[in-house]
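Residues or ranges marked as transmembrane segment by TrEMBL: 153-172, 178-198, 301-322, 342-362, 383-406, 426-448, 460-486, 506-524.
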């Protein structure tokens, strides 16, 4: 009887311990004092308003300029506000048509403010989405679903900020002065940072794991030094810490994968190391988890690279879409619409599609796929790439109609607008917004979920890097097309007078490149292997 009672007692004790452990997060997150956190008191949606609010107000400013480190950002904003407000820091007023140039000191203050903002933004953007997603426990199925919604509403808050910025703030800058136009966002940014820190007791933090660049270099160096050693067939013979937790602070252990076995040499225990029992030099011996971190980054590369073409398509919204709009009828009665303002429809499209995707599409898709988030991150990005092809095709069709009308009205040789309403551009902007919701938000999810725990901010930065590279690629394609199509004295596809050009061909070219890019993406997505975290 005694043994039965003892067994019952042990079972009850185990159940109590299990119930107690469920009250805490299982992903290793801690509070701001480094203590293990209770689910009911921290993180989840209760912490997100402070994070989303801060990001909303930061975009009031960045989008007004067109596009942690928070202190650098606010310092830069205040500096720029002063440069537009203090008489000694701004150029003298224009006298008639004569406008005095700024002094070297005034230029210095102005560009100092801009570079401070750029540096602050570069530090904030890769971290804020990761930090927001860290508020949801990966080991809790309910919180994993909420994490998928977080990325949607995170992008939603960005575009709400962009909408207010591109309308109200820009109007204030143009009609009430640049000082006030910069000062208002600076004030709200200060308030947002203050509220962000007020939420500190509610946040869940992941312990910093050190420099991921250093760890990747250690794997490369160690595998090169052991290039003559054979990799054992049994992966359990590779070096890994015996503890349940990883040797990398704030990171779970990663399971071994079979590809890129040349890197596994970094985790092979040499005979000398086995004899001495010295496994402490990471430049000679790395853990399996450390090796897998580099493998994951390499596996991500093809998926990441396909995002560059999409970003090049997205860049047309602020370049050739605007050029196309200038050659269309921009009037409504006595009111003239600035062609660049149509980008607002892209923002409106995002604001429309985010709740539709989160509240309508995901629940329906979940019934068919059985997946928590309706689609996988890779499926979501693929849908966005397909929509981008439709976007470029819509832009090309509008241009064909515009050029045909210019020909019928004998306006080919005249650099004047064609009587075709600029509102015919709305479908291409609307499609681009839908593509954003699928691809850009899908990228945020993918690079967060698939990155090693201690490399999430780095991988989020890589997803943002596609935007800048896409802009460079767009400029490169435009330069090459202009060079090739202007040979022999021809006006080319994109001359100053678009009526005698063929902008439609350029849009078809981007649609074709997007199609090829999608095919490459499909191959890369099929070959991609998900990470295996313990």
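Each residue, glycine too, has its Cβ placed from N, Cα and C.
Between the transmembrane segment (383-406) and the transmembrane segment (426-448), the number of CB pairs under 8 angstroms, six or more residues apart, is three or more, so the stretches are in contact. Comparison of 178-198, 301-322, 342-362 by number of C-beta pairs under 8 angstroms to the transmembrane segment (460-486) places 301-322 first. With a threshold of 8 Å between CB atoms, the same-chain residues lying at least 6 positions outside the transmembrane segment (506-524) that come near it are 302-303, 306, 309-310, 312-313, 316, 320, 381-382, 385-386, 388-389, 392-393, 395-396, 399, 477-478, 481, 493-494. Taking pairs at least six residues apart, the transmembrane segment (342-362) and the transmembrane segment (153-172) share three or more Cβ pairs below 8 Å and count as touching.
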